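Listed in TrEMBL for this protein:
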{"type": "DOMAIN", "residues": "162-434", "note": "domain 'SAM-dependent MTase RsmB/NOP-type'"}
{"type": "BINDING", "residues": "Asp276, Asp303, Asp321", "note": "S-adenosyl-L-methionine binding site"}
{"type": "ACT_SITE", "residues": "Cys374", "note": "active site, nucleophile"}
Amino acid sequence: MVDRYRRDALSILTRLYEGRIAFLDQAYTACSLRYSPHERDLLVSLVRGVVKFRGKLDALARMYLPKWERLPLVVQNALRLGMFQLLFHTHVPPFAAVHEWVEVVRSFGQAAFVPLVNAVLRNVERDLAAHRAQAERWGIDLPAWLEAEWRKALPEEELHVLLRSLALPPPLFVRVNTLRIGEEELQKLLAQRGIPSRRSRISGALEVVSSYSALVRTPEYAQGLFYPQDLGSQVVGHLVAPERGEVVVDACCGVGGKTLLLAQLMGNEGKLFAWDKKRQRVETLKKLVRRSGISIVQPEVLDCLRIPERFWSVADRLLLDAPCSNLGTVRRNPEILLKATPESVRQCASLQLEFLREAFQVVRPQGIMVYSVCTLTWEETVGVAEAFEQEKGPALVRVEPKGEIPGRVRDGFVFLWPHDLFCDGFFVAIWRKRA
């Protein structure tokens, strides 16, 4: 009997490359309802790994199969998955991996290609030690245009460090709900569940050694004692630096990871508006707010390109975590690279400027406005920020972030590169609105 996680991995990967899946997380979730945490981890590792290394895996296949391009997509994907498992899943005996992938191909109605798949994987297995040594140095495959852009921002040696870092599995961080529990106490509770953790450079953030699916099945998660949240996302919340009693707006809040952090930093005192135009996200946020025991959040379905006048000049602080190309998240979401283009980045930048114009009206005179995006393209970061400053002139003053910033600060802008903190990549700009 073929392992279901291998069958599902091949199905998901094939649908992804056929353009029938946009985001892999949705596909993982659909499968993992019937999976153990271990099986889900194997599924995610296989699919994510092939997407990250597709070009390198294809080059390896061509060493043994000159007519690689003529194979049906499903057979190509089975070979990619099989080669990845041989190279990186060292806990799986190679002979067993080869046998299983041969049977997967057969189960997909591709019996005519079984001898070929078996031969290619056996050849890779024969030279496995050399191939594994080489694969240890692999970096993520980026589109040429994106690699060229990041080469302008980073020295060549550091670019290779970045690419290697993005190739690694993403870490798992949680934000401690400090309104209910302390870091040390939560660490003890998680340790009792067999989940080790360690403190990070950010107050209230823990790095945990666990699978995501196992973590969210704990009673502590159900009780709202913590929330899984990338470290970079948490840094953004701390840069907003809200104070108790303030009126704060989280525009384009999504499901509200940063919203909940802002509420914690406010000590659950004041007023916190959270807006998103998608009702499903807002309903999810409402559930998270209730579970977290937070009372100051006011979630609302609202298009942040059309903010009603009743909200103009109300905010002491506003966070605009704008829709973007999401290229800072490719360590966990490598499928983003399949659709991202220079043109799509330009479209994002144009839209971000519109969001900033609208959000500006919500901030009161002398209030603080924070712009963040989980990407590191020039157009969506410095390009958008400087265009907005030029447009607003003296009505907008760039503010230097205070305190020790776990990132790079250049000309007042904050850059969180994924290889610096082992987190998602972010850009943050902070301004004060003049009267």
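Glycine too: its Cβ is placed from the backbone N, Cα and C atoms.
The S-adenosyl-L-methionine site is defined by Asp276, Asp303, Asp321, and by the 8 Å test on Cβ atoms against their centroid, the other residues of the chain that qualify are Ala251, Cys252, Cys253, Gly254, Trp275, Lys277, Lys278, Leu302, Cys304, Pro323.
Following the DSSP three-state reduction, the secondary structure of Asp276 (S-adenosyl-L-methionine binding site) is strand.
Among the binding-site residues Asp276, Asp303, Asp321, the ones whose Cα sits within 10 Å of the Cα of the residue listed as 'active site, nucleophile' are Asp321. Cβ contacts within 10 Å of Asp303 (S-adenosyl-L-methionine binding site), excluding its own Cβ and spanning all protein chains shown: 13. With a cut-off of 8 Å between CB atoms and residues at least 6 apart in sequence, the same chain places Cys252, Cys253, Gly254, Val282, Leu285, Pro299, Val301, Leu302, Cys304 near Asp276 (S-adenosyl-L-methionine binding site), listed in sequence order.
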